[in-house]
Amino acid sequence: MITLDRPTLTARALEDLTASALVVGVGTGPDGPVLLTDALPAEAATALEASFELLGVRGAEDEVHRLPGLGGVPVPLLVLAGVGGLDDDGEASDESLRRAAGAAVRSLAGTDAVALALPADTPARLAAVAEGAVLGAYAFTAQKSECARAEADSSRPVRELEVVTPLAAADADPVLRRAAVVGDAVCAVRDLVNTAPSHLYPATFADAVAEDLADSPVSVDVWDEDRLRAEGFGGILAIGQGSSRPPRLVRIEHAPADAAAHIALVGKGITFDTGGISLKPAASMMTMKSDMAGAATVFAVVRAAAALDVPVKVTGWLALAENMPSGTAIRPSDVITMYGGKTVEVMNTDAEGRVVMADALVAATNEHPDAVLDVATLTGAQLVALGVRHTGVMGDDALRDEAVAAADAAGELAWGMPLPEQLRASLTSRVADISNMGDRFGGMMTAATFLREFVDAGRPQDDDAARTPWAHLDIAGPSFNESAAYGYTPQDATGVMVRTLVGLIEGRAR
């Protein structure tokens, strides 16, 4: 389920390249396209610029042109990658470089080794180019037949990546190592989300996590259905009871001895969502294998934090269930007793993600972390409010803003949203403590309001510890790309928010 065959990533001088293709950047300046590299010999650069008009080069985002190698450049193929508009100083943004690297590498599938001479003269720029290249070198073929995989071998992702940079090895190597680790984490999420629900369900998801982390310092603890029942995880059990594949709760932990802080992460892991008795229309189920993207993200972030040896304790909680209709499934009007004791009236069985997440939020905050962030493909309302590329971020103001800032630094799109107090009234139940469904309008924020009720909900009343800061990331839109690939983002699973959360955790170490 999780592919371990990722591309290698090294820094090279131009004269030492072994690649068969070299990527250079072209931006859009006020007077036309601008070549963005100092690595090429002057004659080669002049010849390239002279070809722009003939080739129709504009330097637009995702624009890729190929042409034969030039004298003084030790590769047989040159690739011009558009980075889009430049700033007032004639520079491309880090995200533009990341996107250009990804688009170029993605277009070169079938090429064994690719070098990139995009601007990489600072650690931030080098990181952007390296990350984009790694993320662009992705394909999911694990469930094709051997024959089909062999036929597709000519278009397999790039296996070797070389980045041309003037930085010394002491400065470049740590940047490239981080890019490789974070890129691998993003691609691990893509692998899991792209896996068919016939193969990935709660038990196999838990097994895949345990197997992947077996040789790492990350500890893994799995609750099966018997342990969940014995310990009172009523929400996870209720959502999973309609399926012949029982639910799981997985706790993973990176616990360095010198931890500067403790961050808890909670991920929604509905391995397939039919809607349950409140059945979805057939067309709405077509992407519902991706409803576990939040749990996959949490797994990948903890994995990356451990691989990078970040001095922050990180606990990840993966709430795994399959939401199916059957004679044993929960019904609208059922009442669930949750972990921690709160009761929930089920008004709609298709509002199931918040129920499994609530159990996990209680468990996570019982451990008194310094902050808890949850990640979920939670609501269709997120797409209505923010579209398919922005993550909605809600919660306590300071942590919400910290998450949005981390997303901005990582080059991911996120938008902070309010949680008005009046939304709580729409979740009132006449028979239980709270309903799992509120009013139609503001559905993304109402779902987050439901989750907020379970932060610290399992603590005894005499526990006078400060309330745990909490933020909620709704990735329903950006977690799965149903449109054409762009930049470093492929079709289908994207791995969104891994880079954001790794950056946020690293920030806590500082």
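Glycine is no exception: its Cβ is also placed from the backbone N, Cα and C atoms.
Model, not experiment: these values are computed from the prediction.
Now, the feature entries from Swiss-Prot:
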| type | residues | note |
| --- | --- | --- |
| ACT_SITE | Lys280 | active site |
| ACT_SITE | Arg354 | active site |
| BINDING | Lys268, Asp273, Asp291, Glu352 | Mn(2+) 2 binding site |
| BINDING | Asp273, Asp350, Glu352 | Mn(2+) 1 binding site |
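Sequence features, as recorded in Swiss-Prot, placed on the structure.
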residue: Lys268; record: Mn(2+) 2 binding site; Cβ neighbours (10 Å): 33
residue: Asp273; record: Mn(2+) 2 binding site; Cβ neighbours (10 Å): 27
residue: Lys280; record: active site; Cβ neighbours (10 Å): 16
residue: Asp291; record: Mn(2+) 2 binding site; Cβ neighbours (10 Å): 28
residue: Asp350; record: Mn(2+) 1 binding site; Cβ neighbours (10 Å): 19
residue: Glu352; record: Mn(2+) 2 binding site; Cβ neighbours (10 Å): 28
residue: Arg354; record: active site; Cβ neighbours (10 Å): 27
Looking at the recorded positions Lys268, Lys280, Asp291, which has the shortest Cα distance to Asp350 (Mn(2+) 1 binding site)? Lys280
Give the distance between the Cα atoms of Lys280 (active site) and Asp273 (Mn(2+) 2 binding site), rounded to the nearest whole Å. 8
Which one is it: of the binding-site residues Lys268, Asp273, Asp291, whose Cα lies the shortest distance from the Cα of Arg354 (active site)? Lys268
Apart from Lys268, Asp273, Asp291, Glu352, which residues in this chain have a Cβ no more than 8 Å from the mean position of the Cβ atoms of those residues at the Mn(2+) 2 site? Ile239, Gly269, Ile270, Met288, Met292, Ala321, Asn323, Gly353, Val356, Ala376, Thr377
So which other residues, same chain and not among Asp273, Asp350, Glu352, have a Cβ within 8 Å of the centroid of the Cβ atoms at the Mn(2+) 1 site? Ile239, Ile270, Thr274, Gly275, Gly276, Ser278, Lys280, Asp291, Asn323, Thr349, Ala351, Gly353
